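According to Swiss-Prot, the features are:
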MOD_RES   SER5  phosphoserine
MOD_RES   SER6  phosphoserine
REGION    62-88  region 'Disordered'
MOD_RES   TYR75  phosphotyrosine
MOD_RES   SER87  phosphoserine
MOD_RES   SER90  phosphoserine
DOMAIN    116-219  domain 'PH'
MOD_RES   TYR151  phosphotyrosine
MOD_RES   TYR197  phosphotyrosine
MOD_RES   SER223  phosphoserine
REGION    232-254  region 'Disordered'
COMPBIAS  243-253  compositional bias 'Low complexity'
MOD_RES   TYR260  phosphotyrosine
MOD_RES   SER282  phosphoserine
MOD_RES   SER285  phosphoserine
DOMAIN    296-357  domain 'SH3'
Amino acid sequence: MPNPSSISAPYPLPEEIRNLLADVETFVADILRGENLSKKAKEKRDALVKKIKDVKSIYLQESQDKGDAEDGEEYDDPFAGPPDTISLASERYDKDDEAPSDGNQFPPIAAQDLPFVLKAGYLEKRRKDHSFLGFEWQKRWCALSKTVFYYYGSDKDKQQKGEFAIDGYNVRMNNTLRKDGKKDCCFEISAPDKRIYQFTAASPKDAEEWVQQLNFVLQDMGSDVIPEDDEERGELYDDVDHPLPSSSPTRSLPIDDEIYEELPEEEEDGALVKVEGQRKMSQDSVHHTTGDKSTNYANFYQGLWDCTGALSDELSFKRGDVIYILSKEYNRYGWWVGEMKGAIGLVPKAYVMEMYDI
């Protein structure tokens, strides 16, 4: 029998053969690896794996040599199947996890040290692999920290395998990435002339939550966030030695004297006075804009996560709770004033999202 490595590939393998060999490779190299095999069976398995690699080398070598000769241009993978725009983009931009991503613009950080994590969990990340399938899915612990998407080998890793800023990207569900039972669990993060990132979540619901959270942050980045320009920054520092008007908070979390109005002759119950004063402040500040709540859908938000107020002026709510936003006066500090079930308090804007797509 001739040595497989000495045979040249006269033509690409038919698609049916590629699919069959891909299934055999997965079964032999991955599934059987976790089985308790006898010594003889292991030897047979290893021999079969070697034969598969020899066959792969025949059909990949010519294409790889051609790609090298053309100074790094993409080679045509005979096992990749018919090209599509998604696959071509993935092949162009999806490098090994260990390679620096996007110029390595973020310093190494442990998974447990990430600040302000908005969404985190295990996902399968798609990467290019020189196998019959053309791609492989790797389990990664992913986290959205502020506006940066990090991915790790596990949630205990001391350094990320890669990361990228989501600014300028688009996020959408994509059920064409897989043909198995997880096809409805896939989503991708893409942008023109940038690397495309493709992931599989544990369930369609989890994938939708990732897409929802990423889109929320992207929309928030382009929303009416008050810019802190030089003039505003100067006003803040110039007025340090002088008292500010009661309507302008001096720190990110307004103190009681700044947001609660004095209510005479109601000092017996301090908590009640604060709540009523806060309610009056909020209602007075937004009375001219709220209008009829039954039709003012843009002000209805819902909780993304459980939130327990650390101070008495902060609203506590659970994931899915409906909150009516009364004011965005403290938007620059990351806080809004909301009302839920008659209670009024400060709401961290990163913990809520719009209920209605208007």
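Backbone N, Cα and C define each Cβ position, glycine as well.
Using DSSP to sort the residues of the domain 'SH3' (296-357) gives these counts of helix, strand and coil: 9 helix, 28 strand, 25 coil. The most crowded of the modified residues listed here (TYR151, TYR197) is TYR197, judged by how many other CB atoms sit within 10 Å of its own CB. DSSP states for the domain 'PH' (116-219), grouped as helix (H, G, I), strand (E, B) and coil, give 19 helix, 45 strand, 40 coil. In this structure, the C-alpha atom of TYR197 (phosphotyrosine) lies 11 angstrom from that of TYR151 (phosphotyrosine). This prediction places the mean pLDDT of the domain 'PH' (116-219) at 89.
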